[in-house]
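Annotation comment: TrEMBL describes 30-47, 59-85, 97-118, 139-163, 195-219, 240-263, 269-290 as transmembrane segment. Feature annotation from TrEMBL assigns domain 'G-protein coupled receptors family 1 profile' to 39-290.
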Amino acid sequence: MWPNISAAPFLLTGFPGLEAVHSWISIPFFAIYISVLLGNGTLLYLIKDDHNLHEPMYYFLAMLAGTDLTVTLTTMPTVMAVLWVNHREIRHGACFLQAYIIHSLSIVESGVLLAMSYDRFVAICTPLHYNSILTNSRVIKIGLGVVLRGFLSLVPPILPLFWFPYCRSHVLSHAFCLHQDVMKLACADITFNRVYPVVLVALTFFLDALIIVFSYVLILKTVMGIASGEERAKALNTCVSHISCVLVFYITVIGLTFIHRFGKHAPHVVHITMSYVYFLFPPFMNPIIYSIKTKQIQRSILRLLSV
């Protein structure tokens, strides 16, 4: 049986009922997209260019910035096309690929935040062995593992989408493709596609969050054992940026989950807005957090501006 590629294209949706002001809505969206691209692009450039940032902590930060940059570049074309020129059509193959990249990168981001917590755990709990534990080769292996986990785990639910017949409405509820949106339009048994994501979320987002919390319990225990108050504050200060990024990411995940599960009577525009918050807020905030809270990044920015 060949993939179902001859059916009518899907139709993306902006903000229902607000089509008349899409051009105005596009202005803050475009500003946020540009800010995300500039912020994360600058972080990547600084980490590549400044040898003082060639450390495991910043390699993981580069992975976070790269993930945010890629997910933004994946959603930006269709979102802006809908808001600017009302171009709503998207072919099945392009839609499934977009959904695959978006969902994979969400799991990658969770994995990167977990890797960053491991970096902080090693740096604070076993500082004398930091360089011997987090070698460049080990950082590369961790990075590859995080990426492979994200992209391989999304193959099982995305692949069946190519073979499903779509005989219902072809209208999607967002200006980008999501697995849960597409599968609802299929005229087929989607039991696996309903169950698998729930299990996947439990084994990735939920498990990652538990491990991150556990690592910080151990970090806090170690820090409280440090005699000097100044040293305690210095050790905790190295974790502030990461903790902030973790909170930004998981609060948006929890918010989106609550809206979808318990906000059935909320206006549809609330669901759509929360989805945009989930995909845009962490990539927008992460560079700001690290620029404000990390002195090495601040020095690199000042050095770049003074050239």
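Cβ coordinates come from backbone N, Cα and C, glycine included.
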### Query
Given pairs 6 or more apart, does the transmembrane segment (195-219) have at least three Cβ pairs under 8 Å with the transmembrane segment (97-118)?
yes
### Query
Going through 97-118, 139-163, 240-263, 269-290 one by one, which has the most CB pairs that fall under 8 Å from the transmembrane segment (30-47)?
269-290
### Listed stretch, out of 139-163, 240-263, 269-290, that has the most CB pairs under 8 angstroms to the transmembrane segment (97-118)
139-163
